[in-house]
């Protein structure tokens, strides 16, 4: 067995006399280039299970929050199903909003916890390396890539600098803003003697009148909607045009690369 | 201090019987949410303690606070409290005028130094050295500072004194300023509303006169017993809100059925006041009961929240009439169009690159 390896003809000896690469053909139309790419392809485990779980629960919560939030500000036409005692449509809408809001809040706290105990990439969401000159240079490169001024993007295991900046602004800052204003408005419903009011009631009077908090919370929703549009577009675009996997990475956790060239 | 009458003395002098006095004490206890055991304590305090003098001054205002106050549904409280106040100084209600009134003002300050309560209706405009409001030949702000200097505590009556109200609405040309931003070294109790509810006013003043201390205040300095809940929390139309049954137009069937006014811009969900429990005019009604949404008159800056009739209010910062939804929808539209254009260019670029590379190969 050992002498077979040492003579360099085969990398393993499970089936002596069988060549491993040609037999790994999964479909009939695999070309020589495909086989070559299988040999070169590498993958890195980037997003651990808690990060992926957070991503998708967070996405679902945001989706529910946006829909119900829109209807809380602009209620659907009045419905006559029964007497008010037997009808709770607006109540359920608000319940869904508050429940999704709590899921998002608890999830976000869990995500912060994971930034401390997860891998290196799990921390990327929560900071911008403003003192790193290299980061700034790559940020400008990434902007040029999006302005069609670069023919080929760079490869990144985690977020590219532009994505990191966007994630920080929209998620870390945006979600924190929505959670704090949201909990303040929720505390308003719970009453002035509630614990949550003691914690977040100060937010309500920042603009003088809590109606202002309603308005900025509403604007915050649009901020998140804009993020969703950009995020989904860019994820799909990069999945197609970049040199690495994007969409499947948030499902499997593995980042795969389409070439083995250095940047 | 012995020459100062007690509350009871004043009441008896006003022709109020002992029986009516006891009724007043129990009604006051009920109004303030105190237990029946407190009734004899109130009676005892009023019989033995020298009454607390009150000076009531008027700045930039419309006198709606005074109008509300003298219409207190609690007639005894009104008579008693009002009589006690008019004994000292209130330039709108007192009999004296001109020099005599100003002399009474100075005399009260001198006589009860550090002992009187200063009730402020309206606010001082600070622009042009306060020349936009002159009382007794001097800018009101000077009178306010003078009276506040020796006051024990200050009551800010109404939205004007508490937050500024309409004269402080944007752009506030006279720089009308609420009392707590001018007087910073005295305890201030805010009783906002435009006007505040009469029973709330008499309730607050009775509490302070009787117990010789401030009632419990909330974060904004309002008496918690009247301002700790929203109109929305105790609104009798709340079941229609939870059911999703709203008035859609002022003259529709839903308006006749008395559905929730949320879609008509009711500010009940963001307004802290006692209207939906105490109500107005001897408990007859309050705005929502009369079919009109709450305009949030007891809230800070309620004039600057756009229309009274919009649920999602206008954002004046954007210059044109726009609310959060219009701004957000426009921004999302621009981003969406941008994304579509970017995707198109990306596809073209990719196709171009593909063509070039295939040519190079050939």
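Cβ coordinates come from backbone N, Cα and C, glycine included.
What TrEMBL records for this protein:
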- B:62, B:65, B:160, B:194: [4Fe-4S] cluster 1 binding site (BINDING)
- B:232, B:235, B:260, B:266: [4Fe-4S] cluster 2 binding site (BINDING)
- B:275, B:294, B:297: [3Fe-4S] cluster binding site (BINDING)
- B:62-207: domain 'NADH:ubiquinone oxidoreductase-like 20kDa subunit' (DOMAIN)
- B:227-308: domain 'Cytochrome-c3 hydrogenase C-terminal' (DOMAIN)
- B:1-45: signal peptide (SIGNAL)
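This view paints the features noted in TrEMBL onto the structure.
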{"residue": "B:62", "record": "[4Fe-4S] cluster 1 binding site", "Cβ contacts under 8 Å, 6 or more apart": "none"}
{"residue": "B:65", "record": "[4Fe-4S] cluster 1 binding site", "Cβ contacts under 8 Å, 6 or more apart": "B:121, B:157, B:158, B:160, B:195, B:196, B:201"}
{"residue": "B:194", "record": "[4Fe-4S] cluster 1 binding site", "Cβ contacts under 8 Å, 6 or more apart": "B:64, B:158, B:159, B:160, B:165, B:166, B:297, B:298, B:302"}
{"residue": "B:232", "record": "[4Fe-4S] cluster 2 binding site", "Cβ contacts under 8 Å, 6 or more apart": "B:238, B:241, B:268, B:269, B:270, B:271, B:276"}
{"residue": "B:235", "record": "[4Fe-4S] cluster 2 binding site", "Cβ contacts under 8 Å, 6 or more apart": "B:241, B:268, B:276, B:288"}
{"residue": "B:260", "record": "[4Fe-4S] cluster 2 binding site", "Cβ contacts under 8 Å, 6 or more apart": "B:237, B:238, B:240, B:241, B:245, B:246, B:247, B:266"}
{"residue": "B:275", "record": "[3Fe-4S] cluster binding site", "Cβ contacts under 8 Å, 6 or more apart": "B:197, B:231, B:286, B:287, B:288, B:294"}
Helix, strand or coil at residue B:294 ([3Fe-4S] cluster binding site) [DSSP, three-state]: coil
Residue B:62 ([4Fe-4S] cluster 1 binding site): secondary structure state under DSSP, collapsed to three categories: coil
Cβ neighbour count (within 10 Å, all chains shown) around residue B:160 ([4Fe-4S] cluster 1 binding site): 30
Site of maximum Cβ density within 10 Å, from binding-site residues B:266, B:297: B:266
Reduced DSSP assignment, residue B:194 ([4Fe-4S] cluster 1 binding site): coil
Residue B:232 ([4Fe-4S] cluster 2 binding site) in three-state DSSP notation: helix
Summary of DSSP states over the domain 'Cytochrome-c3 hydrogenase C-terminal' (B:227-308), given as helix, strand and coil counts: 28 helix, 6 strand, 48 coil
Cβ atoms near residue B:294 ([3Fe-4S] cluster binding site) (within 10 Å, other residues, all chains): 27
Any further residue of that chain within 8 Å (Cβ to the Cβ centroid of B:232, B:235, B:260, B:266) of the recorded [4Fe-4S] cluster 2 site: B:231, B:237, B:238, B:241, B:261, B:262, B:268, B:269, B:288, B:293, B:294
Model confidence over the domain 'NADH:ubiquinone oxidoreductase-like 20kDa subunit' (B:62-207) (mean pLDDT, whole number): 87
